[in-house]
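Enquirer: What follows is a single structure, and I will ask about it in a moment.
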Number of protein chains: 2
Amino acid sequence: MDYIKGIAFDLYGTLFDVHSVVGRCDEAFPGRGREISALWRQKQLEYTWLRSLMNRYVNFQQATEDALRFTCRHLGLDLDARTRSTLCDAYLRLAPFSEVPDSLRELKRRGLKLAILSNGSPQSIDAVVSHAGLRDGFDHLLSVDPVQVYKPDNRVYELAEQALGLDRSAILFVSSNAWDATGARYFGFPTCWINRTGNVFEEMGQTPDWEVTSLRAVVELFETAAGKAEKG
Amino acid sequence: MDYIKGIAFDLYGTLFDVHSVVGRCDEAFPGRGREISALWRQKQLEYTWLRSLMNRYVNFQQATEDALRFTCRHLGLDLDARTRSTLCDAYLRLAPFSEVPDSLRELKRRGLKLAILSNGSPQSIDAVVSHAGLRDGFDHLLSVDPVQVYKPDNRVYELAEQALGLDRSAILFVSSNAWDATGARYFGFPTCWINRTGNVFEEMGQTPDWEVTSLRAVVELFETAAGKAEKG
């Protein structure tokens, strides 16, 4: 792995658990939290893809709010302004997956440049990462906002290359979203898919270079490679 | 409605029922037909959007087959080559919604130019429409294939304007897919959403000009307008 000099991480669903909003949804609509969270996430993604294709970008906070409105209307739930605001704010305080803080420190300690490359707005990314106390671990927080289009458009992946000042072949892209990992691999990043929940990969003509079950396993990839290099 | 000189129809889900494959799916995987059909359609759409964003077009038959592979792997179902072929072929013999043949004849009789504007490949569109005996009713069968990108990219909607030789303001766009109706309306088509199943419209900053529950109601829009014009 010594050709890898930097890592670009997806944020939502990869480092942070988007379904950590289930509790908040359940408080607002008892017994419906899981259902709301699942459809909300699905629609949030669809709106980023569709708006990109229509060339009608709105930022991620807006797309997230729109998706919540749709979700509640679809489920026949009355969403007042206060609840909407509470639930959208929950997206700014997502919880990181448990192994994430320690694993990021390990990767940083190895001298790798670390970047977030996210659909989020600059404000959302900063809020989520800062709330978890992880802001200092990253060299770059990269939002799609400057290019006004969402993943998996190549213009987004290019942002990481530019910011890290590295060729794409030297940047490991890490995502739990199989469609994002597919886009990254077509772009030319060596790509690791974190598959925490036993999903199957997308059928779009790519497979990830590595498939692991947690970020801890990404650290181990580097440790194993370093161990081999020492022995060799 | 006398400013409307032509109609562009979406095909899948609008004139033809994509869930008419449920029976075939149920024969192959007893008791699982509905579940397979729903996820298959969802993934089929996702793959068209994602491949468009990645600039990695494959035709609709391929995207449909890929989506079926994903669906069966996701559901833990063993999809052999023969079943795959049987189910994909079912997509070439979808059933039209019951009111569609008569309604199309009525619209044609009014001197409107009629076109299909579909994500399907030229072969798929021709197969579906011919199988239902509706080929002669259309002036144009328009596939996304020449532009190698899927709806809701504007380049697709432009195909209808070019083929019909009409300004977009003179073309009624008819779709049951709310995201497609949204894209068409952003493009500038007067747009009718056929909402047969009590869905809610997407939250992407547009609403349809007309919302109806069947294609028969589109005929009635023209009849009512003509009646008013006579009286006036």
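Each residue, glycine too, has its Cβ placed from N, Cα and C.
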Enquirer: Name the residue, out of A:Arg34, A:Arg41, A:Arg84, A:Arg93, that Swiss-Prot lists for the same (S)-2-haloacid site as A:Leu11, A:Tyr12, A:Ser118, A:Asn119, please.
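Expert: Checking A:Arg34, A:Arg41, A:Arg84, A:Arg93 against Swiss-Prot: the (S)-2-haloacid site match is A:Arg41.
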Enquirer: Write down the single range among A:103-108, A:133-138, A:175-180 that appears in Swiss-Prot as region 'Important for catalytic activity'.
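Expert: That would be A:175-180, per the region 'Important for catalytic activity' entry in Swiss-Prot.
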Enquirer: Relative to the Cβ position of A:Lys151 (site 'Important for catalytic activity'), how many further Cβ atoms are located within 10 Å?
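Expert: Here the count is 27.
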Enquirer: About how far apart, in whole Å, are the alpha carbons (Cα) of A:Tyr157 (site 'Important for catalytic activity') and A:Asp10 (active site, nucleophile)?
Expert: 11
Enquirer: Given the model, what does the mean pLDDT over the region 'Important for catalytic activity' (A:175-180) come out as?
Expert: 98
Enquirer: For A:Ser118 ((S)-2-haloacid binding site), which of the recorded positions A:Asp10, A:Thr14, A:Lys151 has the nearest Cα in space?
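Expert: Spatially nearest to A:Ser118 ((S)-2-haloacid binding site) by Cα position is A:Asp10.
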Enquirer: Can you count the other CB atoms that lie within 10 A of the CB of A:Thr14 (site 'Important for catalytic activity')?
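Expert: Cβ-Cβ neighbours of A:Thr14 (site 'Important for catalytic activity') within 10 Å number 25.
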Enquirer: Just to confirm: which same-chain residues, 6+ apart in sequence, have a Cβ under 8 Å from the Cβ of A:Asp10 (active site, nucleophile)?
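Expert: Looking at Cβ-Cβ distances below 8 Å from A:Asp10 (active site, nucleophile), excluding near sequence neighbours, one finds A:Ile116, A:Leu117, A:Ser118, A:Lys151, A:Phe173, A:Val174, A:Ser175, A:Ser176, A:Asn177, A:Asp180.
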